[in-house]
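Over in TrEMBL, the protein carries these features:
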DOMAIN    71-376  domain 'Peptidase A1'
ACT_SITE  89  active site
DISULFID  102-107  disulfide bond
DISULFID  260-264  disulfide bond
ACT_SITE  269  active site
DISULFID  302-336  disulfide bond
């Protein structure tokens, strides 16, 4: 996707890939009832339709919204292509899927890669291990042809997991990282390879995450479709090159500061579904909205959602409002829980993670050429 300009020039005509997305964090806590996942997969078959434009450098790939907790998109590996559901994650840099030789229980419920069926597969014995907030994997590095929509990356390095912990019962097979090159595999990320090989003309991508509906979510690669947002794109410079981290001016509720009083950092991350912040500040937010702890979550009375105050993140001088209808989710049993979660505090700096709860409200654009992010009200 492409941008530039005074307000941000958008080239919708060059290389857009729209891909269905998914949410990772807190999934295991919410999906204790496996029937939820089974029913979802039966109702919405594995193969997702892929709508592509005539331009070979643009592709629109539909995504599935799983209970407002995960956004899952399809991509293929190999020749002929083998299809996988992945999370498109701005918080990591590597792509991996399960190997057919994976022995973990999680792999038996997911699609696994059969290397011997691909004529373009290239094997290595280089081992790797990746740890996420939701689990960890071990495996080895491999190379093959990867396709996302119409975009093809040849001889792309990726990981094949042989052991997985913490990924049981989740509605995706693997993860595709869209962060800067911080590869644990020691490999070039797929987005960088697509640019290097000329599959996209501009190093830009964007996310539109649907609210409450299964269909409609999109990842765009190489361009931006203005139909997915209202008004103008507001550009925010990154704090530093290396990850999608921006500066937040302050966080407020009913006109009073509740966080980030002297300015702080926030990672814009499509991996986690929640909003993570320092435990002390998150605990205060739970108290202010009357949330009560029960197990790993904090609950409020569902009847209070319409009267609970909005929480405002002021970023680069612009207020981004998060109403209670956005930061409170309902369980399948009818309970209502908050989507703020306490996290480890980084020494000497206050850091937040703006996950899907925030990004459902605000269309987000990631510009690798100019090292910036844009936000606009999502349609």
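Every residue, even glycine, has its Cβ placed from backbone N, Cα and C.
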Counting only other Cβ atoms and using a 10 Å cut-off, which of the disulfide-bonded residues 102, 260, 302 scores lowest?
302
Looking at the domain 'Peptidase A1' (71-376) alone, can you tell me the average pLDDT?
94
Within a 10 Å radius around the Cβ, which one of these disulfide-bonded residues has the most neighbouring Cβ atoms: 107, 264, 336?
107
Can you tell me the CA-to-CA distance separating residue 269 (active site) and residue 302 (disulfide bond), as a whole number of Å?
27
Expressed to the nearest Å, what is the distance separating residue 102 (disulfide bond) and residue 260 (disulfide bond) at their Cα atoms?
44
Between 89, 269, which of the active-site residues has its C-beta surrounded by the fewest other C-beta atoms within 10 Å?
89
Rounded Cα separation (Å) that holds between residue 302 (disulfide bond) and residue 260 (disulfide bond):
28
Express the distance between the Cα positions of residue 89 (active site) and residue 260 (disulfide bond) as a whole number of Å.
25
To the nearest Å, how far is the Cα of residue 107 (disulfide bond) from the Cα of residue 336 (disulfide bond)?
32
Rounded Cα separation (Å) that holds between residue 260 (disulfide bond) and residue 336 (disulfide bond):
26
Distance [Cα-Cα, Å, rounded] between residue 264 (disulfide bond) and residue 336 (disulfide bond):
29
